[in-house]
Number of protein chains: 2
Amino acid sequence: MSQATMSGERTVHVPLDGGRDYDILIGRGILDEAGARVKALGGRAAAIVTDETVAGLYAQRVRTSLEAAGLRAGIVCVAPGEASKSYATFAQVCDGLLAEKIERNDLVVALGGGVVGDLAGFAAAVLRRGVRFVQAPTTLLAQVDSSVGGKTGINAPLGKNLIGAFHQPRLVLADTATLDTLSSREMRAGYAEVVKYGLINEAAFFEWCEAHWPGIFAGGPERDEAVAICCRAKAGVVVRDEREDGERALLNLGHTFAHALERLTGYESARLVHGEAVGIGLALAFRFSARLGLCPGQDAGRVANHLALAGLPTRLQAVPGGCGDAEALLDAMAQDKKVRDGRLTFILAHGIGRSFIAPGIEAADVRAFLEDELAAG
Amino acid sequence: MSQATMSGERTVHVPLDGGRDYDILIGRGILDEAGARVKALGGRAAAIVTDETVAGLYAQRVRTSLEAAGLRAGIVCVAPGEASKSYATFAQVCDGLLAEKIERNDLVVALGGGVVGDLAGFAAAVLRRGVRFVQAPTTLLAQVDSSVGGKTGINAPLGKNLIGAFHQPRLVLADTATLDTLSSREMRAGYAEVVKYGLINEAAFFEWCEAHWPGIFAGGPERDEAVAICCRAKAGVVVRDEREDGERALLNLGHTFAHALERLTGYESARLVHGEAVGIGLALAFRFSARLGLCPGQDAGRVANHLALAGLPTRLQAVPGGCGDAEALLDAMAQDKKVRDGRLTFILAHGIGRSFIAPGIEAADVRAFLEDELAAG
């Protein structure tokens, strides 16, 4: 990862090859620049894809900005929530974009959280065999994670994100003022992904988070700074390993546990949202690393303490309604990834900022760890 | 186009960059090689996507071949016909492939005509953000046209092929013996696309067709030869202009008229199949070129004569149930492509084998031509 600076830099460039490089613009109020920025990309029309919640807050403002720049602009609106990452809503969005007469040189603007970004990005990837799109993420999670890197897609009945495309945006507009309308629960959930970047390979950023996290939540300059640092970190990983043949897997730190918890809670956001599951997953990844003698127990404690301070869950017992026993958790993990000869691949850590890909972890070790975690009550 | 040879060469290599080059294998009975050939591509499993008609004829044979090569093999079967290029059938195929546990390194085998190839290719393009696929075309149309070049997709209510991806196959297995089970109507329809390659830029191949077409229909060595020549021609175009920014548009010779006719007959295959519409479209493109003084009338006559000899329609009056008046045809064409200031882009010809992209054709000239064609009775 390139050294993250703590400077005032608010543009992150993603230098992908083949003319696919793009900028991530971060700042309060930049949604109002949408028109000028999208116009600069060429094309004569743009369609905003959003959900009913975000539409009421920001869609008209973005549309006005697009029209003021001389673009024909329309809005395609879907129901909020993970259930919209379905085949049916995908068809609805595609047909909506066609009804808005989006041609090969026009643009799709994904305005919303991760669901909207994944869904609209996938529709753009396959509309007329590919049109360009802009990410305008309005949640912290989307600003620091899902809007950057080109993974788009929908869920299938057999699993999440199983249908999709690698389709890089042409621009990301991360208006950090939109986070002011986010619930504190969604804000915390996004913050788990922020902390993750420090834990992966940037101990200094984790330390900075420990000192500055209230500013991120309050909307001070620390928020823009944190989003920029996370985007720069993710952009670096994506440029080096776009298709996740190697290093990009590090971004899954905490996610093997998190995905199992989400599966066992039926993806019910009332019980657990993704970022909360990641909070527990990060704490578990560090405690498991410590248990295996890979990581100082002190680091695992420090990680859990900071997550808890920010209001995130860090224990399996924190899952409302429970998460099943160790065997159920292990089964749920096995569905998420290949188990070969009783061994799994995890992202573990030698310490804060020192994560690594650990193939060959014994399922028996995972089971024993989970049993002890659950027994610890 | 590279010079087409009349030799016995039956492998056409498509030298795409980025490790995406692939072979087209042409010959009688090569479906039995499917197992060995697919196995050589790596992966542990393959799923055959096919339709109910083709399944009864060839699916079990291909499955047996795959299993004999040590691959886990399954079959995903859809209803035959253009209606299967829908969102609903796309979801059915994706879920079917997931149920067959097709992983990122496994393969999808599209066994059937153009509908199956387009549908299965698109599903492969987006399953787990992209798995590899093999085209095993079983119609003449698919062998000489749709199975080569990487265009995949489905139809939307607002138009054909509006949702899709460029996704190149890793291998094309064109078993020319499968054409023995094709209806003569489907055989003729595919033959219109064969003739098209000669008309585009290979006068010698058109002449060869005039002399050898009965052998293509009868299944002699001329059939393999013709398929190889067409694939080589298409491969050349695709390698030079994969995304249709220029030259690839020449492959649409006759297709502006054809698409309008298909639209006006409601895509009812009972009335008109694609290749029949192309037959009429090719004849019209040459007569229109002659009328504009671009092409000798003698060439236009020769084209129509040969198509008619092979049993293809060459006049608007041949459309069962009629095709509407000149205005309706012009409207239908305008829906297919952009009309700018009353001008359209056509593929026209200076003669047999001398086609070119003609932007700026006056709509009024097209209307007058169509009126005269219809009046000619």
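Each residue, glycine too, has its Cβ placed from N, Cα and C.
Binding of Zn(2+) is attributed by TrEMBL to B:Glu193, B:His274, and within the candidate set B:His212, B:His255 the record adds B:His255 to that site. Between the C-alpha atoms of B:Val116 (NAD(+) binding site) and B:Glu193 (Zn(2+) binding site), the distance comes to 18 Å.
Broken down with DSSP, the domain '3-dehydroquinate synthase N-terminal' (B:76-188) shows 47 helix, 35 strand, 31 coil. Within 10 Å of the C-beta atom of B:Lys160 (NAD(+) binding site) sit 18 other C-beta atoms, taking all shown protein chains into account. In the three-state DSSP scheme, B:His255 (Zn(2+) binding site) is classed as helix.
Spacing of B:Leu179 (NAD(+) binding site) relative to B:His255 (Zn(2+) binding site) is 24 Å (Cα to Cα, whole number). Residue counts of the domain '3-dehydroquinate synthase C-terminal' (B:190-339) by helix, strand and coil are 109 helix, 0 strand, 41 coil (DSSP-based). The closest partner of B:Asp118 (NAD(+) binding site) among the binding-site residues, by CA position, is B:His274; the full candidate set was B:Glu193, B:His255, B:His274.
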